[in-house]
Amino acid sequence: MDVKGYQWVRWRLWLCRLMAPLSLGLLLLVFHWRPRLSILLRCCSCPLALADILLIRDSFGEQHVVEVLTEEMDEGRSDTDSHHSNVFQKTLLRYYLYEGLRYVWLDRKGAYCPVSVLSEDWTCKDLHGFQRGLSLEEQVLRRRIYGPNLIDVPVKSYMRLLFEEVLNPFYVFQVCSIILWTIDNYYYYASCILIISILSISISLHEIRKQSTTLRNMARFVTNVTIRTNSGEEQCVSSLDLVPGDCLIIPQEGLLLPCDAALLGGECLVNESMLTGESVPVLKTSLPSADGRFSADSERRHTLFCGTQLIQAKGGRSDGTGAVAVVTSTGFFTAKGRLVSSILYPQPTNFRFYRDAAKFLLFLAAIALGGTVYSVVLLASWLELVVRSLDIVTIVVPPALPAALTTGTIYAQRRLKKLGVFCISPPRINISGKVSVFCFDKTGTLTEEGLDVWGVMEGGPAGFSELVPDPRRLNPGPMLSGLACCHTVALLRGQPLGDPLELKMFQSTGWVNTLICVLLHCFCQGVGGAVAIVGRFPFSSTLQRMSVVTVAPGGQSLLLVRLCVSVPVHFSSTLGHFSADGLRVLALGYKPLDANTDFRSVERELLETDLTFLGLLMMKNLVKPESAEVINMLRLANLRTVMVTGDNILTAVNVAKSCGMVGSDEKVIFVKATPHTPHSTPTLRFSLGDGGSAQDNTEVFTQGLYQAGFGYHLAVNGRSFAALCDHFPEYLPKVLMRTTVFARMAPEQKTQLVKELQKLNYRVGMCGDGANDCGALRAADVGVSLSEAEASVASPFTSKTENISCVPLLIREGRCSLVTSFSLFRYMALYSLIQFCSVLILYTMQTNLSDLQFLFCDLVLVTLLAIVMGRGGPSSALHPSRPPASLLALPVLGSLFIHTCVIVTGQVVALLLTTSQDWYVPLNATRPGEDNWPNPEDSSVFALSGFQYIIMAVVVTKGHPHKEPLYRNGLFLLLLLLLFSVMAWLVLDPLPAVSSVLQLFTVSDMNFRLLLVAVAALNFMISFMAEVLIDLGVLDCLRLLRGRRPSKKRYKQLDGVLSDTPSWPPLNRTLSPSESSVIYLS
């Protein structure tokens, strides 16, 4: 963030206060809309340390104004944490609040920093030192610095919401329009719009308040907790008073955690579904006491997160019950706080449709200016000139446009909810219609969540034994003990809970029914006797392993590890064989420990060395039946699919082939990049493999590997991806363009991959089901979480369906919503242009539409049609082309221009037909417009414009290929027939009372009336045929005049470059960073 400091200038303040009433509040309105201007006019720049007001520019370029707050503090110094001393040696604490986060002034850094920086350098050993508790003075001091431990979502009063809503530019425009219409004697119309605006504001306020209250109830949580002080006493305090460094005592029955904390003693079974959507409870173990810096992200298995439910705690206290933890983050700095903040303050949606909508409104404003100039020529009275000119602005710039654009999104959101897909970010629905690449997690997303044990092979120095299909047949020994103990399965009310893979592995040993827990230790009992688990090092995505410390009946301690170093001969070929068959392969190893080894204080890396290899466990992970069908559907729709998994690369390639991401006739090229080491330089190599075997390059060329299209796919693992990012940035875009399988990817690498794809101008979708995918789900343009929860803060979309069939459903709804938004935008623009033409033509004839004629057109015709038009559902199939997102494209602008010409021509023809009749009597130009009602000019123009509103609703409503045909929208079709009948009745044979109310001129000539209907029918035929021809690409011939322009999207430019580069990728060549070729993209 860019932060600038300002101080109040007294004389400027008083001058602005004086100008506010003199400008009738306009200055305050401008200050409300442009906070930066209010600061520049009332303040002067100053150093940050002296500032009263701060102007913040965030990473998206938006500006915010915040006030600097101060708080008196007692002089003192912390003996516990030297990092705090630079803050509270001063008697005055200076800080500000931004998006819920507290930023404090640090003299040593000369800047405002998040208060979390005061604890960011804590090591794991420092956290263990906090187990003795904080003193009372230290707690009070930290509470002042860190503030209350509360995720407080502001719920504004109705009066404040009303004030902010009314000051919205849209409603300010509405208020000015109503005042103008009242001055112009349009009392009925002004009254109806006022009533509608009041209803709209009331509904909006109710929804905003309801959403804020719901989010506040979800986010705000206050409870009583037990902490330990430095005197050794345990106190019951409010969770509001918790600060980083507090020693938290967790009861055996667990609790709903009000902060982030590092688990230092014991084990906890935690339900994290609220944060991650992962329904399987997770076992958290004690944090090792090491010198490395503590990070909640890298130590997730030892971190208890705010908002998660601790189901059970044990082994942390002297009696073996409960657990001990140290608070690491509070308030909005917790994991839950960051997620709530992302909902409260979402990043701006950079979507072309919304940008073009704003530009098109400026275009309509320019048309209004042209109409104003025309009015100057026609009107003599200055008052009438001002009123009529402003009236033209209210006609051309439709005030209902913002509401109309959300109609399609609202209908799509309702349809998705009925189908089990819940959305917490409605603007993302339109964006999902433009997704060009979709990333999928593997386990639990493309494949079944559970795995079946396929077999076990024991290993030794001489090689592997025969495959044992059932682990129960293994002889008692370390291998069987490893399968039974190397897991984080916990027992809750007699039922084992844990990761599905570990449950299957555990159950396969036959020891499941004898799992019991006594105080600190877990005992697994089977054929070989009982084995006690006395320590666990949970699975680490960075280390790619987990381990446990066990004690056998004879008292011998063993370290059992799911991964090892010393391996038998033929290990690589055996592993490659099983992985290529799509099996999940786990390696087990062990080593005896000295009885006096204190595994709690020894670093994990030292324990997990010099291991003896035990064998391999193979598990079969079946592809879900729906996966192949959905992937094929997406490929036929020209949507690129990518797999992002933490599994082995060969297993991932096998699954990619099984589900259709990689075709049977397509080759897989493995990308291997190595980082810089003290003994070697970075290298990059592309090798063709099929199950690990290389093939001759000649065969590759003859099979068309380098021809245009995806004749080949790249596969890369997490280590190579990191090396590519660090050492081969020139090659990274090309690799991303052709890679389909990303394996062994850590959670942060998944997020990085999504961002790198977005840099290539892809609209990225991400579908996952677990905690490892949360970062990528939030970073993606469209994130879909497969979860049983109705709504998860982990991603914009949550699907109750346990497979990826929700993805094409979401894309179809997104395309339908985007097409509907386009149709509604064009309709509202044409509605304004129809009325604009009517008014200017009637101004020329010294008259105008009557009050109730305006009301009838706007409410009965346009509003009803706009509401019902968006009800059409999506097409049943995904089309290969995506709908356009630009409103300024040639087909859109060309269509509007042609229809406007037809509209003007139709109304002019109607007027000329009227003036050419024998019974026509010209208007008295000396009388004002309302005194000339009813008159034939007004009635004929009103009649034809009424038909044009209905005609344009039919013409701009798109069906094929992204929406259902118009006739499938029964309510819309019925309304069209009804309104057409009403207009025909008003033209051909209206009741005298209706004619009187609407100020319609009674024409006795039936031939003339039928002629008006015929003109309307001709108008419909011309407009409909013009739209059909535009859809068929007639306007594309105009593109030939300017020549073909290259796409601005980087991935399309790269695709063209790669298609024209027959020698890429360079197979079986070792490349260094200096050899990397640069593709220049302007």
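Using N, Cα and C of the backbone, Cβ positions are placed for all residues, glycine too.
Straight from TrEMBL, the features:
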type	residues	note
DOMAIN	1-105	domain 'P5B-type ATPase N-terminal'
TRANSMEM	12-33	transmembrane segment
DOMAIN	123-180	domain 'Cation-transporting P-type ATPase N-terminal'
TRANSMEM	187-208	transmembrane segment
DOMAIN	227-343	domain 'P-type ATPase A'
TRANSMEM	360-380	transmembrane segment
TRANSMEM	392-412	transmembrane segment
TRANSMEM	824-846	transmembrane segment
TRANSMEM	852-873	transmembrane segment
TRANSMEM	885-913	transmembrane segment
TRANSMEM	969-988	transmembrane segment
TRANSMEM	1008-1041	transmembrane segment
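Taking Cβ pairs closer than 8 Å, the transmembrane segment (852-873) reaches residues 186, 188-189, 192, 400, 404, 407-408, 410-411, 415, 816, 820, 823-824, 827-828, 831, 835, 938, 942, 945-946, 949-950, 953, 957, 959, 963-964, 966, 968-969, 971-972, 975-976, 979, 982, 997-999 in its own chain, all 6 or more past its ends. Highest Cβ pair count under 8 Å relative to the transmembrane segment (885-913), across stretches 824-846, 969-988, 1008-1041: 1008-1041.
The average pLDDT computed for the domain 'P-type ATPase A' (227-343) is 87.
Taking Cβ pairs closer than 8 Å, the transmembrane segment (969-988) reaches residues 860-861, 864-865, 868-869, 871-873, 943, 946-947, 950, 953-954, 957, 994, 998, 1000, 1006, 1009-1010, 1012-1013 in its own chain, all 6 or more past its ends.
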